[in-house]
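Trainee: The active site, for sulfotransferase activity annotation in TrEMBL covers LYS16. Look at TrEMBL and you will find LYS16, GLY17, GLY18, THR19, ARG20, ARG99, SER107, TYR207, LYS222, GLY223, ARG224, PRO225, HIS226 tagged as 3'-phosphoadenylyl sulfate binding site. Residues or ranges marked as disulfide bond by TrEMBL: CYS208-CYS217. The domain 'Sulfotransferase' feature in TrEMBL is assigned to 7-244.
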Amino acid sequence: GTSRQIPQTIIIGVRKGGTRALLEMLDIHPNIVVAATEVHFFDWDENYVKGIDWYRNLMPFSYGNQITIEKTPGYFTSPQAPGRIHDMNSSIKLLLILRDPTERVISDYTQVYYNRVESHKPVQLFEDIVIKNGVLNTKYKAIQRSLYDVHMEKWLKHFSLDQIHIVDGNTLIKDPLPELQKVEKFLNLPSRIMSSNFYFNQTKGFYCIRSDGRERCLHESKGRPHPLVNSTVLEQLYSYFREHNAKFYRMVNHSFDWH
């Protein structure tokens, strides 16, 4: 009695915002099934041309009472994704997980840094990438990805605000349950995720998952230590994002505890 369904909900981003943690935590819910990998259907032209049946075939099998969710963090910053998702299903529910934009930039750098180290490629210091000729390098992709107001504007051209639920990534890591209960409510699902589904792993420094008699933590690539960043550079980033954050808060009628 199962079949592959086009997702009724998509986690659209943001990269390094906690999308993997959110997906794995939602996977606890008996009425949710999740796609195992990032599909990049709506943001990569070479996948989009393969068509909707190709996309559906990448989804897990589900029962009629289950919601299928996929996550691709690249969707949020993609110019094409909002229109393409709207064309597929104009009433879809979207999940967007965000964290402090400066932290997100540093996390973005950290991921690339470790990937380059593991591939034996040369690496640059964070400050040398972020500052060019004494001023902030606002063309740096990681900074561009953290301009939440710029990207949100594109989504609000296609979807109403009540179709997009914003998860606070900073809170999810510190105290998962309240954020997940808000998602259950947004998706009109019965409350099934409980505090007993989580335990704090002292070694890793974040919450791990306990469900179906199994315990699992996020991949070791998650929660890597960030580099210590020069305080002047940090202040420049905070200052740059301040106005963008204020604009974003007004757009979504909600404030976050960001610098």
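Heads up, the Cβ atoms here are built off N, Cα and C, so glycines get one too.
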Trainee: Using C-alpha atoms, which one of the recorded positions LYS16, GLY18, SER107 comes nearest to CYS208 (disulfide bond)?
Mentor: GLY18
Trainee: Please list residues from the chain of SER107 (3'-phosphoadenylyl sulfate binding site) whose Cβ is under 8 angstroms from its Cβ, counting only those at least six apart in sequence.
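Mentor: Long-range Cβ contacts: LYS16, ARG99, HIS226.
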Trainee: Could you round the CA separation between ARG224 (3'-phosphoadenylyl sulfate binding site) and CYS217 (disulfide bond) to a whole angstrom and send it over?
Mentor: 13
Trainee: Would you mind reading off the Cα separation of CYS217 (disulfide bond) from ARG20 (3'-phosphoadenylyl sulfate binding site), to the nearest angstrom?
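Mentor: Just about 11 Å between their Cα atoms.
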